Amino acid sequence: MDDPETNHHINKSIDLGNNRPFVRIQSHAEILSLEERAVLELEDEKLASADSITMKKHFFKETTHCSDIIDMKCNNNVWNSIRIVVFSTKLNILMIFGPAAIFVEKATGYHGLVFPLSLLGIIPLAERLGYATEQLACFTGPTVGGLLNATFGNATELIISIFALRNGMIRVVQQSLLGSILSNMLLVLGCAFFSGGLVIMKREQVFNKAAAGVNSGLLLMSVMGLLFPAVLHSTRTELHFGKSELALSRFSSCVMLLAYAAYLYFQLKSQKKLYAMVKDNEGESETEISEDDEAPEISMWEAIVWLSILTVWIAVLSEYLVDAIEGASTALKIPVAFISVILLPIVGNAAEHAGAIMFAMKDKLDISLGVAIGSSTQIAMFGIPFCVIIAWIMGQPLDLNFQLFETATLFLAVIVVAFMLQEGTSNYFKGLMLILCYLIVAASFFVHTDIDSVVDKPHKKGE
């Protein structure tokens, strides 16, 4: 059956169905075609593997190039963020005084020098903290932004107060918070009115007196909260001496915090149109909602990181500042009351001071009023009650009895400012009167002796 000349290739297999062998014969041409096909497939596999290697090398190069670009962008973003936050204002030159204060404290311990260096070092940090808060508020919306401003807007004063509470300096906490309210109401608002009036002398500047009236009402409510514990203590009419005053203060603080939360809802949700910017243009007034439409200069996460860094750095310097208060009072012969009421608040309000003047000179008096009176309202209705609650948690007997002298000063200042705001107009003369009122207050505290503010502690050598 097989012919050797034909050179056929025979494959034998068994048919399992009927167990009969059968023979499949493939021709020589078929065999050649199979060999050629195998060679071609092998060449195709070599080409494919070469192409895949080339593609992998190209992909690796592209990935490396993209990662380099991402690294460059990250480095550029970090540098731009540092440039915007740290190097964008000349005030940040004062940041070098912070490390200088720490060095002097470690080297000499002379609080007469540590205190002013710490004050100067905190000024730019407080301003940058306000800037970072504003940037973060651009991403959070009005409600959360209002809460952020309430929390971080006066964070410097609150941090200093918490460190003073930890050291048992109750009167320093009370007087520094009181001084912050007085500084914003009289000095900051007075400088804003005075500067805006000098720039725009042909007419009176106009602001929204309805919103100003609400803030004046809240300030009077805070005076009521401070007045009753002081009168209760002075008249010796407490039900339980030493306890009723503290219990009343803590209850009033909770009520004031509730009132401030309601005020935020009223301002940001319920009555937005009440808080409108009023612009006078040839006798015609326009109202528009006072929302910040400016694009943020840094990203949300950058703002959060800077808030954390600045808060920690302010906390570090605040500890040195508070520890040096009594030593500086002895070395510089300045009353502790004057340091607490006048010097500390001026440092904390440096950012508000500059911003209020700038906006007033641009005839944006509603913003200036929101900075000055709004900050006073935050401290009176949020800062002071918040510190009372924190002291309660810490076991410190901080109450709302600010003593009759300090409470009377606050009451008269609120009355003066309320009269200045009732017409809804301002000029340089009103600003001058507010500044002169603040000078009288400062002189009064310079000659005021507060026995309770002196804590008997052994002073270090050099104090």
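Placed from the backbone N, Cα and C atoms, the Cβ positions cover glycine too.
Pulled from TrEMBL:
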TRANSMEM  82-103  transmembrane segment
TRANSMEM  109-126  transmembrane segment
DOMAIN    113-268  domain 'Sodium/calcium exchanger membrane region'
TRANSMEM  147-165  transmembrane segment
TRANSMEM  177-200  transmembrane segment
TRANSMEM  212-232  transmembrane segment
TRANSMEM  247-266  transmembrane segment
TRANSMEM  303-322  transmembrane segment
DOMAIN    303-445  domain 'Sodium/calcium exchanger membrane region'
TRANSMEM  334-359  transmembrane segment
TRANSMEM  371-394  transmembrane segment
TRANSMEM  400-421  transmembrane segment
TRANSMEM  428-447  transmembrane segment
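With helix defined as DSSP H, G or I and strand as E or B, the domain 'Sodium/calcium exchanger membrane region' (303-445) counts 121 helix, 2 strand, 20 coil. With a cut-off of 8 Å between Cβ atoms, the residues of this chain six or more beyond the transmembrane segment (303-322) that come close are 81, 85, 98, 101-102, 105, 114-115, 118-119, 121-122, 125-126, 128-129, 132-133, 135-136, 139, 152, 155-156, 159-160, 163-164, 167, 169, 172, 296, 344.
Of the candidate ranges 82-103, 247-266, 400-421, 247-266 contributes the most Cβ pairs within a distance under 8 Å of the transmembrane segment (371-394). Highest Cβ contact count with the transmembrane segment (177-200) among the listed stretches 82-103, 212-232, 247-266, 400-421 falls to 400-421 (criterion: pairs under 8 Å). Most Cβ pairs under 8 Å to the transmembrane segment (334-359), among the stretches 82-103, 109-126, 212-232, 247-266, belong to 109-126. Relative to the transmembrane segment (247-266), the listed stretch 212-232 leads the set 82-103, 109-126, 212-232, 400-421 in CB pairs under 8 A.
Using a Cβ-Cβ cut-off under 8 Å and counting only residues 6 or more beyond its ends in the same chain, the transmembrane segment (400-421) has close neighbours at 174-175, 178, 181-182, 185-186, 189, 193, 209, 212-213, 216, 219-220, 223, 225-234, 245, 248-249, 252-253, 341, 369, 373, 384, 388, 430, 433-434, 437, 441, 444, 448, 450, 452.
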